[in-house]
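Undergrad: Pasting in a structure now, in C-alpha cells, and then I'll have a few things to ask.
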Amino acid sequence: MARDVDNKQNAKRISRDEDEDEFAGESMVGRTLDNPFLGEDEFEDIFGSESQYISSSGQNSTNPFLADTRIENSPLGSESKANQLNKQGTNVNHIEIPLRDFNDPTQPESFLPPPKNTFTSRIKKIKNLFKKEKKQVKPEDLGPRQIILNDYSANHFLHNAVSTCKYSAFTFLPKFLKEQFSKYANLFFLFTAVVQQIPGITPVNRYTTIGPMLIVLSVSGIKEIMEDIKRKKQDQELNESPCYVLQGTGFVEKQWKDVVVGDIVKIVSETFFPADLVLLSSSEPEGLCYIETANLDGETNLKIKQALPETAGLLKPVELGQLSGEVKSEQPNNNLYTFDATLKLLPSDRELPLSPDQLLLRGAQLRNTPWVYGIVVFTGHESKLMKNTTETPIKRTSVEKQVNSQILFLLCIFVFLCFASSLGALIHRSVYGSALSYVKYTSNRAGMFFKGLLTFWILYSNLVPISLFVTFELVRYIQAQLISSDLDMYNEETDTPAACRTSSLVEELGQVGYIFSDKTGTLTRNQMEFRQCTIAGVAYADVIPEDRQFTSEDLDSDMYIYDFDTLKENLKHSENASLIHQFLLVLSICHTVIPEYDESTNSIKYQASSPDEGALVKGAASIGYKFLARKPHLVTVSIFGKDESYELLHICEFNSTRKRMSIVFRCPDGKIRLYVKGADTVIMERLASDNPYLQTTIHHLEDYATVGLRTLCIAMREVPEDEYQRWSTVFETAASSLVDRAQKLMDAAEEIEKDLILLGATAIEDRLQDGVPDTISTLQTAGIKIWVLTGDRQETAINIGMSCKLIDEDMGLVIVNEETKEATAESVMAKLSSIYRNEATTGNVESMALVIDGVSLTYALDFSLERRFFELASLCRAVICCRVSPLQKALIVKMVKRNTGEVLLAIGDGANDVPMIQAAHVGVGISGMEGLQAVRSSDFSISQFCYLKKLLLVHGSWCYQRLSKLILYSFYKNIALYMTQFWYAFCNAFSGQVIFESWSISLYNVLFTVLPPVVIGIFDQFVSAGQLFQYPQLYQLGQRSEFFNLKRFWSWITNGFYHSLLLFLCSIAVFYYDGPNKDGLASGHWVWGTTLYAAILATVLGKAALISNHWTQYTVIATLGSFLLWIVFMPIYAVAAPAIGFSKEYYGIIPHLYGNLKFWASLLVLPTIALMRDFVWKYSSRMYYPEEYHYVQEIQKYNVTDYRPRIVGFHKAIRKIRQMQRMRKQRGYAFSQGEEDQSRILDAYDTTHTRGAYGEMR
C-alpha cells in the first residue's frame, strides 16, 4: 500500500523549463510533465481546475496542462505501461523521471503555462511567424525496433562510441565564432577593423586592429582546441574499455566502441555495462544478478535483476551461439526505468515479454555476481543513460558578464567622444573656416561629419583594450595548469591529480555562494563497518574512546564502553549471556546475505544487496557467529566452530513504511522465535511492558547518533506453537491474495510483531572520505551554504549530515516530509512563521538545517511554492534533500539560480550528478569508484572532496583577485594612453591628427604593457595560501565582489582619465617654451608625442608595481624590464623602420629625443606627479580605512601569532556539553536495504551446492 502511494505521489513530479531571457526573476516559469501517465484528476491535484486559467481577454481558456496529454501521446503509448511502472516496486519509485531538463522538442507547446502578455512575449510571437517549424519525430511513431539475434548484417544501428566533446571538426568554426562574437568587445573590434579598411578614413595603419584581433581569436581558439582534445582523450579511454563479445561458440575481447546492437556480451563482476542490455542468464540461481546503480541514481543498496525462465538456463557459449530469433523493443528514449520489448526464440512463435526486470543499463555495475550474459539493445548515444545527457553547455562567469556590461557603458562614452569630436570639427570649421582656406574643407557638412565620426571611431577605438581578451584567456589557461599541477590536490593512492577541464571558469571558483553536493561516493566511501553495539544495557566497541574506557572505580555506570573481547568473555560468564547469544544470532541469520566460499583464499565471501546487512554479518562473524550457508528454508551458522541450522519459516519483509524486517525461525531446540531488526521508533512501540534495558539502550542510541553512526534496534520473542499455527494461516492467506496483498501482509506482520524483548542495538559507520568534516566546516565558515542532494533515505541522509559536521549540535532540524501538495505548502508556511516569530521574540534566528524528502520537494519546486521554499531554505545554514532523482538535483540548482544572484557549484561523482553539474555555474567531478561520467561532464575534477577546500579558498580566491586586477589594470592603461588623443583633438582643430606613431600605438598593448597584467594574473597573491586556510572568512571578499564591482571598475576608469589628462597637460607645459636644439631645429611634434608616450608608459608600469601584493623576479621583469625594453627598442625601430619604408614618422628623431634633457626629466617627474595621488590614496586607505585582508597582510608580514588556538579547547568543551544536552529524539536510525522481493532471494539460493563448469550456481 505504502509502495503504491509512494509511486503515485512520485508520478506527479513536475519540472521546469527555464527561460532566463523572458522569465528570469518571475515567479511563474514554464513547466512540462516528466511523467506521461498523469490523468486529469491528478493534474487537478497539482495545478487546480481548468477554471483557474484565465486568458488575457478575460475569457476562460483551456487548461494548458490538459491539452494533448492523452495517454496515447505518451512516449510509451499505453495505460498498461503506467500500471507496469507502479508494479516495479520501490526500486524505481523515486527515480522514474528522466535525468534531462524538459526542454523536450517532442512535447507539445500546450504543456507550457500561458505566458504573460509582455512586450517580450509579443516580440517572440512575431519572430515565430517567420520561423520554419521542424517536424519532430516521436520515438513511438517509428514503431518497434527489430533486433535479429546472431545476425550482425541485419542490424544497422548507431555505433557504441560516445563523445562529450564541445566541438567537432565541422562545428568548431561556427560554434567558436558564435561564442566569441557574443562578446560585445569582439563585435566592436570587428566593426572597427572593417571601417579601418575604407580608404581615406583611417588616421592610422589599416592593419593595427585586424592584426591584434586575429591574434586574440587564434589564442582563444587554440585554448579551446586543447581543452577539447583533453575531453576527446577521456572519451577515447572509455570507448576503448574492454568487454567480452560472443563470436561463434566463444567470447573474444573487444573494445566498447566495437559493440553493436544484437551482440551477446559477457559481463563479469565489478565491471560496468558497456551498453543497454537484455539479461539472458547469469551465474546465480534462476537468472538472478545484482547491480549497483549508484552511478545512475545515487542508491547505495544493490538492485536485483532476473532473466526470463526461458533463457535463464543458457549457460554455455555454444548454446548462445546457436540462438536464433529476434527482439522487438521500444525505440531509444530517456525513460530510465521503463522498458517494453518482446523476445521471440525460434522455432517457437511465442513472444516472451521483457520488462525493466531484464534491462541492464549502461553505466550500472555488476556486483556480487560472477558473470551475466546479455543482448545489446541500445548503444552509444541511443542508450538510456546518454539519452539523458545534454550537450556540454557554454558557461560564462560573473566577472565576464560584468565586463561585458561595463564595456557597453564604456562604448557609450566612446560613442559620445566620437560625436563630440565630430561636432567639434564642424564648430571649428564654422568659426575658423574662413581663416583656414588652405585646408580645403568640403561643402558637404553632413559628409564631413560622418567621415569625421568614422575617423574618430578608429582613433578612439583602443579605449576598449583588445589585448585584454587574449591576456585574459592566456592567464586563465596558465591558472588552469597551476590548478592541475598542484601537488596538494594530487591523490597518490589512486595516482589522480586535479584537472581543470574548462579554464574559462577559474575565477568563478572565488565567488561560490552555494555548494550542491552528492553524498554517495562524494562525501562517503560507501563502505559500512560494524563499530559499536549495545546489548542488555552494556555498550561495546571495536575502538574505545579514552574518556569512555572502563575503570574499576565505577562498575555499574553505563557511561563506559567495553571492547569486543569483553563481549566474547561475557558470552561465557555473564548473567546476560543468553541475551548476548540471541543478539549475535539475529545479526548472523536475520538478513538476505548470500555466502559464497572462495577457494583461492579458503574463506567465505558475503554477497549483500544491502551494505548495512553485509557489515552486520561480517561483524557477527568477527565475534564468532559465522554465517555459513543458506538453503531455501534453512540457514546454517557456525557459533565458535559449532554448526547450527535454523529452519526459516516466514519472512516479513523490510520496506520504508515498516522500517523493520522480521523472520520467524524454528531453532535447534525446537522453539519458534521471531527475530526483528529495525528503527528504534517502530521497535520500541512493539516492546513488552517489562524491558529493563530500554532507557540505557536509548541513551546509547543517542550517543551513537551524536557521532553520526547508523543504528538499528534488535529484538525478539518466543512464539508459542499454537499461536504460530494460527498466524501462519493468516500470513499464507495474505500472501496469496490478489487484491491489496502488500497491505494484508503488513497487517499480518503486525499481529506477530508484538510483546518483543529488546536485545540491544547496533551502530554502523558509513565511512566518510578523508577530511570531509573539516572541509565542510571550513567552507561554511567561509560563508558558503552547503546543500546535500542524495538518493538515500531521510534517516541515512541526516546521519551522514551529522557525521560530516554539516549538521552540528547548535542546529535545529527543520524537517519537511509530506505526501501532498497542500500538506507541503502548509508545512513550509508554518515553519517560516515559526522562524519569524522566534526572530521577533528573541531578536535572532536560530542556526538551522533543513531536511526535505523527494516527494515534498516535488511540490516545493512548483512555481506556486518555489519562492517560499527558497525563503525557508535560505534561512537555514545547511540543507539536505533526500530521496531525490537526478532531474530534481538539476531543478534544485536551477531554482536557486533563479532566486539568487550568487555563484552555484555542484559536485558529484556519478552519472546521476551530471544534470546537476551541468546546471550549476561551476561543475566539479569526483574521479571516484562510480565511473567517470561526472568527471567528463564537469568543469573541474578532483579525486577527493577535501581538495575542494584548496580549490575554492586558495585557487578560487587567487584567480578571482588576480583576474579582477588584470581586467581593471588593462582598462586603466588603455585609457591612460588613448584618451590623450581626445585631449589633443582640442589642440589640432579636431582634424583627427594622432599624437603617436601608428605601430607604437599597437605595440603599446602587444609588447610594452603586456607583461604586467600577465604577471599580476599569474603570480600575485593578496594573502598567502596558509592565511586563506587560517582565515576562511576572507573568501567572502569574492562572494561580495569586492575586487571587481561597479564602483571599483569606474574608479579605475576615472583614474585612467585623470592620469591621461594630467600627463597631457604636464607634457604640453614642458614643451610649451621649447627652443631650438643643437642643430637649430625645434624638437617638433614627434619628439613631444614620444616623450608623452614614454611618460605614460612609465606611469602605467609604476602603477603595476604599486598594486602588486606579491613581488617576484617576474614582477621586476614585467615592470622595470618592460620600460627598459622600450628604451632599447625605440632607437632600433626609429632607424630601421624608415630605412625599409615601414614607417617614416620617426625619421631622425633619436638625436632630438635622447639628446634632449626635457625628455629625461619628463620620464622622472611626470610619472612621479601622476602616481603621487595613487600612493597617498593607498596609504590613507590602509591606515584609516583598512579592509579585512589588510589586517591579514599585516599579520602575514610581521608573522603575528594567531590568538585563536588558545580557545580551541574551550570551544571543544562547550560543544561536548551541548552534545550531551541535544539530539535526544534523533537516534541515528539508518538502513539501506532495498525494498526488493526479499523472499525471492531467500527461496532461490542453495549455497551448499558447488558452482558448475561455467561458474553458475546449480
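These residue numbers are counts, starting from 1, taken along the chain as shown.
Each Cβ is built from the backbone N, Cα and C atoms, and glycine gets one as well.
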Undergrad: Name the residue range among 873-893, 999-1019 that Swiss-Prot annotates as transmembrane segment.
TA: 999-1019
Undergrad: Does the record from Swiss-Prot show Leu336 and Pro1138 on the same side of the membrane?
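TA: No, Swiss-Prot places Leu336 and Pro1138 on opposite sides of the membrane.
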Undergrad: Do the transmembrane segment (407-427) and the transmembrane segment (1087-1107) share at least 3 Cβ pairs under 8 Å, sequence separation 6 or more?
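TA: Stretch pair does not touch.
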Undergrad: Go through the chain and flag residues at least 6 beyond the ends of the topological domain 'Cytoplasmic' (1020-1051) whose CB is under 8 A from any CB in it; none is fine as an answer.
TA: 398-399, 402, 406, 510-513, 778-779, 781-784, 902-903, 949-950, 952-954, 956-958, 960-962, 964-965, 967-968, 971, 1108-1110, 1187-1189, 1192-1193, 1195-1196, 1202
Undergrad: Within the same chain, where does the transmembrane segment (999-1019) have neighbours whose Cβ lies under 8 angstroms from its own Cβ atoms, ignoring anything closer than 6 residues to its ends? I mean 6 or more beyond.
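TA: The answer is 204-205, 208, 211-212, 215, 462, 465-468, 471, 474-475, 478-479, 482, 962-963, 965-966, 969-970, 973-974, 977-978, 1090, 1093, 1097, 1100-1101, 1104, 1107-1108, 1110, 1112, 1114-1115, 1117-1119, 1121-1123, 1125-1126, 1129, 1133, 1137, 1142-1143.
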Undergrad: Hey, which bits of the same chain come close to the transmembrane segment (1149-1169), Cβ under 8 Å, at least six residues off its ends?
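TA: Distant contacts of the transmembrane segment (1149-1169): 1062-1063, 1066-1067, 1070-1071, 1074, 1077-1079, 1081, 1083-1084, 1086-1087, 1090-1092, 1094-1095, 1098-1099, 1102, 1130-1131, 1134-1135.
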Undergrad: Grab the same-chain neighbours of the topological domain 'Cytoplasmic' (1108-1115) for me: Cβ-Cβ under 8 Å, and only residues 6 or more beyond its ends, written as numbers and ranges.
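TA: Contacts of the topological domain 'Cytoplasmic' (1108-1115) (Cβ under 8 Å, skipping residues fewer than 6 from its ends): 1015-1016, 1018-1023, 1193.
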Undergrad: Out of 184-204, 209-229, 452-472, 975-995, 1087-1107, what stretch is closest in contact terms to the transmembrane segment (1052-1072), meaning most Cβ pairs under 8 angstroms?
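TA: If we count Cβ pairs closer than 8 Å to the transmembrane segment (1052-1072), 975-995 scores highest.
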Undergrad: Please indicate, using numbers and ranges, the residues of the same chain that are 6 or more beyond the transmembrane segment (975-995) and have a C-beta under 8 Å from a C-beta there.
TA: 203-204, 417, 421-422, 424-425, 428, 432, 436, 452, 455-456, 459-460, 462-463, 1001, 1004, 1053, 1056-1057, 1059-1061, 1063-1065, 1068, 1089, 1092-1093, 1096-1097, 1099-1100
Undergrad: Return the count of C-beta atoms lying within 10 angstroms of the C-beta of Asn912 (ATP binding site), excluding that atom itself.
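TA: Excluding its own Cβ, the number within 10 Å is 34.
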Undergrad: Six or more residues out from either end of the transmembrane segment (452-472), which same-chain residues have a Cβ under 8 Å from its Cβ atoms?
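TA: For the transmembrane segment (452-472), the far contacts come to 183, 185-186, 188-189, 192, 195-196, 198, 201-204, 209, 212-213, 215-216, 219-220, 407, 410-411, 413-414, 417-419, 421-422, 425-426, 963, 966-967, 970-971, 973-975, 977-979, 981-982, 985, 990, 992, 994, 1001, 1005-1006, 1009-1010, 1013-1014, 1017.
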Undergrad: Would you identify the secondary structure of Thr711 (ATP binding site) according to DSSP, in three states?
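TA: Going by the DSSP assignment, Thr711 (ATP binding site) falls within a strand, counted as strand.
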Undergrad: Which one is closest to Asp792 (ATP binding site) in space, judged by CA to CA distance, out of the binding-site residues Thr520, Asp909, Asp913?
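TA: Closest candidate to Asp792 (ATP binding site), judged by Cα separation, is Thr520.
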